Amino acid sequence: MPVITLPDGSKREFANPVSTLDVAADIGPGLAKACIAGRVNGELKDACDIIETDSELSIITAKDEEGVEILRHSCAHLLGHAIKQLFPETKMAIGPVIDNGFYYDIDLDHKLTQEDIDALEKRMAALAKTNYAVDKRVVSWQEARDTFEARGEDYKMAILDENIPKDSTPALYHHEEYIDMCRGPHVPNMKFCQNFKLMSVAGAYWRGNSDNKMLQRVYGTAWADKKALKVHLNRLEEAAKRDHRKIGKQLDLYHMQEEAPGMVFWHNDGWSLFLELEKFIRQKLGQYTYQEVKGPLMMDRVLWERSGHWDKYSDAMFTTSSENREYAIKPMNCPGHVQIFNQGLKSYRDLPLRMAEFGCCHRNEPSGSLHGLMRVRGFTQDDAHIFCTEEQVQQEVSACIRMVYDTYATFGFSNIVVKLSTRPEKRIGDDDMWDRAEEALKKALKANDIEFEILPGEGAFYGPKIEFTLHDCLDRAWQCGTVQLDYALPGRLGATYVAEDNSRQTPVMIHRAILGSLERFLGILIEEYAGKFPAWLSPVQVVVMNITDKQSDYVDNVVNLFKEHGIRATKDLRNEKIGFKIREHTLRRVPYLLVVGDQEMENNEVAVRTREGVDLGKMQLEEFATKLKNQISLRSLNLLED
């Protein structure tokens, strides 16, 4: 007679084994109708799974985040059901849940078109509308294999052969005539899978290996109700308008081309953005007392072997050879920084030593994963490494945290999620060392009043890590900042310092990044601001326009004055109507549009308007220059107001 303990502490006793659905029905018909799955003793289970012993149970509905993930997973099965009905010759591969949705990889000779995607979505809706029940059957490994062999599902057989032990009992989910295999859980009825949309189709290699066959990957999104789906689709529509690749082309910031995949060709205005961002970070480095260094672009393979990177990253490293020596272009800066640290004897009095670099790194990312500025092969890291004693770890990490938040605040990012990854099973050092390291990070976070989530076992083998994920105006998550303790690399590369007792000790190394890469962060900023950069960051801060040729010399004088003040100004003396000029520069997102006619010229004034169309009226030239210069120096996010 199992006794079921619910989240509120109440208990229910049953005469026979029960399922989550049975318990929900015992509580009330409304909950039974809403029940998607259950969390039994901390483990997600299908609503139909039998509970035989005393257990703690949480009933999962579509109101729960886990419930939405489950219905998304079931929508992947629904997609498979529709695909097999419309394209029976398809071989099904995998269909997992992803952020906000799902996908299914399929092997189909016919290349899916938008018309096919529309037809699949229509068929999915028709199937879901019947509210058919999903039948879960737990079978032997051999029965599962026989089932998929009879259906010609080569990929399902490969999963069984290569990933599932023969003594296991896989779960087969029957969607009417369609059968899929999954660890679950899934919805008990397709009534929960009514609010979805198929988004796109792309190529994907089987098992992510380019040596394998290219499959077609159909993406979809699914939500608990129509309102949530509509909000998501509207957000995607807004994201498409803000796409940094589209805006980058409109504003002539950069381009990429086939001859240099994943490498950025910065144009004048884009490079201005890059340099301004670099300048800002460089000022932060000075504020937080960092040295700035510059290491070589490539180093001998032997060094990468000693550092351990060759074993882990060699597939992602670009290599070359010269005079019978093999070199690797650096994918990261840390080994080079240890080489700089190793030059000359270091004392405990020299620590902490904070070393930063705008390091040009390269990684041979798969071509299919490249995405504008967000995923590139050549990038610049705002990378730093702090060499310190173990006693200094907490204060140094605390300073890193302050620097991260100071930096993000300048760009208007305040919604930051922080996660602390702790010791994995396979790790160096003893538990005492890990206890001290993890406690130092926790204390540093708490000292800065930072709420954080702990990810048990997710740290690197050489030390725990803090990750900073910022959320943009569309509530998209971007993992940018990291603070990683490293107890391994300094020792591998022979870094030591003379301790107070004259013994040689190995320093702790703190890897610190704030932006991650400048390229990716600029992509984030382009989309966050929709190309309307704050004045301090804008490639062109002011454009000065004349009404007639009579004001041309005055316009030249105005622009020259701005440049003397360090303001990035340009002029537009074209023989066009002023309304046309204003519209054009508004579309180019120039923060301030200045118009001068005869009256402004006579009074040494400018007529000021913003790109948002706000008329700030006439100002004395020096007055406006001073106000703008002050706004730029403060790195204000807002434009001047009337």
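Think of each number as a place in line: the chain as shown, counted from 1.
Backbone N, Cα and C define each Cβ position, glycine as well.
For His385 (Zn(2+) binding site), the same-chain residues lying six or more positions away in sequence with a CB closer than 8 A to its CB are Asn333, Cys334, His337, Val338, Arg354, Met355, Met509, Ile510, His511, Arg512. The Zn(2+) binding site feature in Swiss-Prot is assigned to Cys334, His385, His511; the stated evidence is sequence analysis.
Confidence for the domain 'TGS' (1-61), expressed as mean pLDDT, is 94. The domain 'TGS' feature in Swiss-Prot is assigned to 1-61; the stated evidence is sequence analysis.
Feature annotation from Swiss-Prot assigns region 'Catalytic' to 243-534.
Shown for the domain 'TGS' (1-61): DSSP residue counts in helix, strand and coil, namely 14 helix, 24 strand, 23 coil.
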